[in-house]
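One structure is given here, and the rest of the page talks about it.
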């Protein structure tokens, strides 16, 4: 009975997060019933947009390495870091510009539609790399860069959310937009796992030119969802309502917007501290997003398809944990200061998660000959074009004998025979490549360490990233936040630029111990900084400037909740 009661309470809380606001605070004269509905419909569209943009980044993260390796076996993991970083690099550059553009227009509709059109084109390009006869890795890089340009609309989304919510609604709204973003990050790999049955070969979309397989399907899913998102921003569906400044004017007793903003000068030290904290926490989350597939393949000896499948399952569980975590933020914020929850529930868990990824003892992982694997891949690629002349069959066969395999030049046109004799074009060679010298002596990461560290991150990251944005928005007040949100978004983008490039380099050159020790130190340093200045990070709710106005507000803010369905029936 108690278990059922607990379950019912949890289910009710989750339903409360996802349902629309069902009552209208009507006697402050800030909005009508129709405006209220239109405002929340626009906010829900922003939620979906944030989900899609995050999905556009994460849906390829676990598949980008095997896809890149398939398109160009000579690219290497370092180039993969550049491919992953191209998206946030472009987003970092263009986020303040899109924020400024939306502020200048006084509307986000045109920037959003334009950016989503670009997102559609770039996603289609990513899935069409087979159409290019050469420089495929560079076309992949440019496609991800353009997706990043389109993703700069996140700044406009966050700015609009701050403008379209009341102060009392802000924590829940930012929790939901953060949930949408995190779900996009964690569901992306799950979708990638779901299309694994298509296989690496897939089926032809355009005979002998373009295939639908487990790598390209993710891009086409983005294309479909972005076209739907563009429709949602049409004038008949998306109507902009900015209520934050109206509420601030009422509370300050001002009739002029600019006078109201003068009353709400933000603490710039606190704002920049939160921007840096956002950089640190996103950097550490992207560490897992970027390295998850290579680490599991190197440390646990998983194949490409196994890594995509298992990581998809793990990140799906992470999505469920994220939902539960987000459900806890609002009730926790009513009992404890948001800054303390951010520090102890977010950053402290993240520090513990990083420590757990450090392998302290044990045997090194299984290794394989990286040069031999590359030669097998090149042979398969040449055999598919019937261009095997010049290949050193004798040298390859010497190594293949230890695997009971043999290359026969006469069977080069038999695709099945080629794959069998080349150990599936080298894909059956599993473990840590001997080109990474640390693989020979660094203790292997244990699966239990990896899982526990990931689950701590799944709890800590949603709390930290949500409350950073909530506190940041409240510190800025009712002023237009396009540029500031562009800086916040740019901070997250910078972390996603530096993370893949820096971390993949450190991981490939120095291994797991150096990689996770450095990130642990980074997280711990940020935790100490926030603890030191936690008092000035607390946003102060705006108060009336005159005693009489305060008394008037006490009367006005004795709100009455009215069910919208009852109002409809009266109408």
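Backbone N, Cα and C atoms are what each Cβ position is placed from, and that goes for glycine too.
Given the structure is predicted, the values throughout are model-derived calculations rather than measurements.
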TrEMBL tags one of 513-533, 534-554 as transmembrane segment - which one?
513-533
For the annotation transmembrane segment in TrEMBL, which listed range does it cover: 11-32, 341-362?
341-362
Annotated stretches the transmembrane segment (308-329) and the transmembrane segment (513-533) touching (3 or more Cβ pairs under 8 Å):
no
Who are the long-range neighbours of the transmembrane segment (141-161) in its own chain, taking Cβ under 8 Å and residues 6 or more past its ends?
42-43, 46, 49-50, 53, 56-57, 60, 79, 82-84, 86-91, 93-99, 101-103, 108, 111-112, 115-116, 118-119, 121-123, 125-126, 129, 173-174, 177, 240, 242, 469, 473, 480-482, 484-486, 488-490, 493
Which residues, given as numbers and ranges, are at least 6 beyond the ends of the transmembrane segment (173-195) yet have a Cβ under 8 Å from it?
17, 43, 46-48, 50-63, 157-158, 161, 165, 214, 217-218, 221, 285, 289, 292, 308-309, 311-313, 315-316, 318-319, 322-323, 326, 329-330, 458, 461-462, 465-466, 469-470, 473
Does the chain bring the transmembrane segment (215-234) near the transmembrane segment (45-67), so that three or more CB pairs sit under 8 Å (pairs 6 or more apart in sequence)?
yes
For the transmembrane segment (451-472), distant same-chain residues with Cβ under 8 A (at least six beyond the ends):
158, 170-171, 174-175, 177-179, 181-182, 186, 271, 274-275, 277-278, 281-282, 284-285, 288, 314, 317-318, 321-322, 325-326, 329, 333, 338-339, 341-342, 345-350, 352-357, 484, 488, 537-539
Are there residues at least 6 beyond the ends of the transmembrane segment (79-98) whose Cβ is under 8 Å from a Cβ of it, and what are they?
56-57, 61, 64-65, 68, 111, 115, 137, 140-142, 144-149, 151-156, 290, 294, 482-483, 486-487, 489-490, 492-501, 503-505
Over the domain 'Major facilitator superfamily (MFS) profile' (42-538), work out the mean pLDDT and round it to an integer.
80
